Structure formats: structure tokens, C-alpha cells
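Student: Right, I'll just put the structure down here and ask away after.
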Amino acid sequence: MSSDTDVVFVNQVVSVMADQSVRMVTAIVLHSVFFLSVCFTGDSATCDVHSDLFITAPKEMEALTGSCLRIPCNFRVKQGKEFNSKTTPFGVWIKNDSRFGRYPNNVIFNSSGTVSTYPMSFTGDLSQKNCTTLFSSLKTTYTDTYYFRVENEAFRATDECDGLQITVEDSPPKPRIEISGDVKEKESVSISCSASTPCPHSPPQLTWNLQPDSHHMMEENTDGTFTTRIQKSITLSHEHDGFIISCSARYPVNEGKDVKTSEERKTLSVSYAPKNTSVSISPSGRVSAGSWVNLTCSSRAKPPVSRFTWFKTSRDAPIKVSEGDFYSFNVTDGGVYYCVATNQLGDQTSSEIHLTIGGDQLVGAQVIVKVLGIILLVTTLLIFECWLKSRRCTKPQEVRHQKRRDIS
């Protein structure tokens, strides 16, 4: 009986020990995975605990084949660690995987001169914790993630958490066209064209169709990178609406032997008050009393016209007669009409259109014709009567002369 009890007890002990072993192995694996994730995902809070070196540099950078890339970089060491700035430190760049002990070929540059697989050089003063680097003669194969390491006597550390992703492209990025200000007529706006400048030693040449001889400015951004810019201020009018701004960036490559160009276009959309406001009438020509007349008001505006208002002139003041772009009415008398087009930026008044009743004109013309006809008839009769009288006066004289001749 006791033998069976001992066997059961031993089995329970073995089961407990196996379960604890599994839990321990699981904990170790999870801790390892957590530690690796910290090193390779860049959790900043945990990196402060496990890393002795920290750099300040852009997370991602783009560059152009045949050109260079200036990498702005500064570093700091963990508090409590000693970095002797009086001795010469060496900077190291590692690609792809920061664990260079396992992958020694990942070390592509060491300022000590031991490794120079990639054309790099430190332009910053490493003793002042400035690791700014110039990466030259770039190729697309240099696209990778890079890690920085510093070696200074006893202090040797790699920033495994702050990897820098560098992408090298064959084609340059397009410039950026920006417009600051209220884009509407009579307003002054500033228009700029800018291009990223990864290689400040060979900046791009910018040209556009606003001002051929624009002055180039190279500005340093907050992250230490550079931008080349041209800028112009203009006062907008409605004629600028739809104007296409074209800007090109020409990047010198291969030590200035070649050029790579990119271009950007942007269409101006300018708001303006109504323009070219006019009135048309249908039917055209003379109208008669009692007929219908259609007046149409048209205008060009941006945003579109929100209200058309019709007026008829009078001796005292214009009289508002209707609203809308179309005005139809029955003619009772003549008059002078015009319309006003309005949007949120202003209004414009059309030229006047004179409406005359054609029936009144016809009656007047008939009266004039009749009067002229009567005058002409009377004049003709008078002339005829005078002619008859003159004929009567000449005939007796001719008879007397004839008789005298006969007597003689």
C-alpha cells in the first residue's frame, strides 16, 4: 500500500516540476521576444532603459542617384555613462541590422579608416556629439535602414532603436507650389515653389513661368534638412483665374555632368465679383403694345451669381421690378431697363436697354406721311393753277399781233 502511495506522490512532484519548467521557459521566451521587439521596433520609453546611445536625426530620408545626401545627426549618451570628448571618437554606420557582431558585413563605414565600403564622411565634430554625415555618389542599392555607433575609449555603443531609413531614387521628387493668402481678386498673395535639397552642395535650380529671374533661397528646416525656394507676391485679378503655374526643378548629378528634372503644375482658382454683366431682349427689334417681352441677364462670377435684380429707370429713382436672371412681362409702355448681378464678393450693373413701343412709332410715321402728302398735293395744285393762268395771259397777245400783221 505504501509503495503505491509513493508512486502517486512522485508523479505529482514530477508533474508540478514539469509545469513550472514550462512556465519558466515560456517566460524566458517572452522576455527575449520583448527585448528584441524593443531593440528593433524603437519603443522610445523602453529604449531609454536598454540603450546607452541615442541619436537625433530624421526617421526617413530620400535622395537621388548620382547625387549626395547630407544626414543631419546629433547624439547623446545615457546618463551615468562616460564619454570622453578630449579623445578622438570614431563614428560607425551599420546597415540593415544593428547586430554587427553577428553580421560583420553590415558595417559599411568606420571613421577610423578600417571600413569604407560606402562613400561616407563625417562633416560634424564627433567630439562635440555631432554625427552629421555626407553620403556621396548614391546608388539605388544603397536603399536601406542605417544605424549609428560611436566608439570612444571605454564607451562603445550602438543606437539600435533609432534606425534611419534612406531611400535612393532614380527620379527626383516634384517641387511643391504653395499659395498663402486669400485667393480672391484685389488680394495680395505669396506664391512659392520649393524643392527638397538632400544635397546642399549641389542644390536644384528652380524655374517657373511667374518670374524667370527669381532669387533662390536655401533654407534649413527644423530637422536639419534643407529646402530650396523661389517666391513672388502678386495682386490677384479675375484674369488670374485658371492660370496654370508651372515650376521645374533641375538637379545636377554625377558631379554636375548630368541633370535630372522634375516639374509640378498648379491651377489658380481665384474668386471674383460679377464681370461682363449684360442684358439681351427677345424678340429683338420693335415691339408693339400688348405683346410679351423677355429680358435675360447674364454675368460671369466666381462663386456664381447668387442674385439677379431688375430695375426700371424713372425720374425720381430706379424702380425694382423683378428678381432672377429671366424677366418676362407684357408691354404697356416704353422704358429703360437694366439688371444688377450679385455674389458674396460684390455686384455689377449691366448697361441700359431702351424699350420703345413700335405701334406708337408707326402711328406717328403715318401722320407725318399724310401731312407731307397733303402739302405735296396742295403745292402741286398751286403750281398747276399758276401754269394755267400763265397760258391764258399769253394767248390774247398772240391774237393781237396776228391781226396787226394782216392789216398791214
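Easy rule for this one: first residue shown is 1, then count along the chain.
Using the three backbone atoms N, Cα and C, a Cβ is placed for every residue, glycine included.
A TrEMBL annotation is a machine prediction, not a hand-curated record.
According to TrEMBL, the feature domain 'Ig-like' maps to 175-269, 274-356. The annotation transmembrane segment is assigned in TrEMBL to 367-388.
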Student: Determine how many residues of the domain 'Ig-like' (274-356) DSSP places in helix, in strand and in coil.
Tutor: 0 helix, 53 strand, 30 coil
Student: Could you please provide the mean pLDDT value for the domain 'Ig-like' (274-356)?
Tutor: 94
Student: Summarise the domain 'Ig-like' (175-269) as counts of helix, strand and coil residues per DSSP.
Tutor: 3 helix, 53 strand, 39 coil
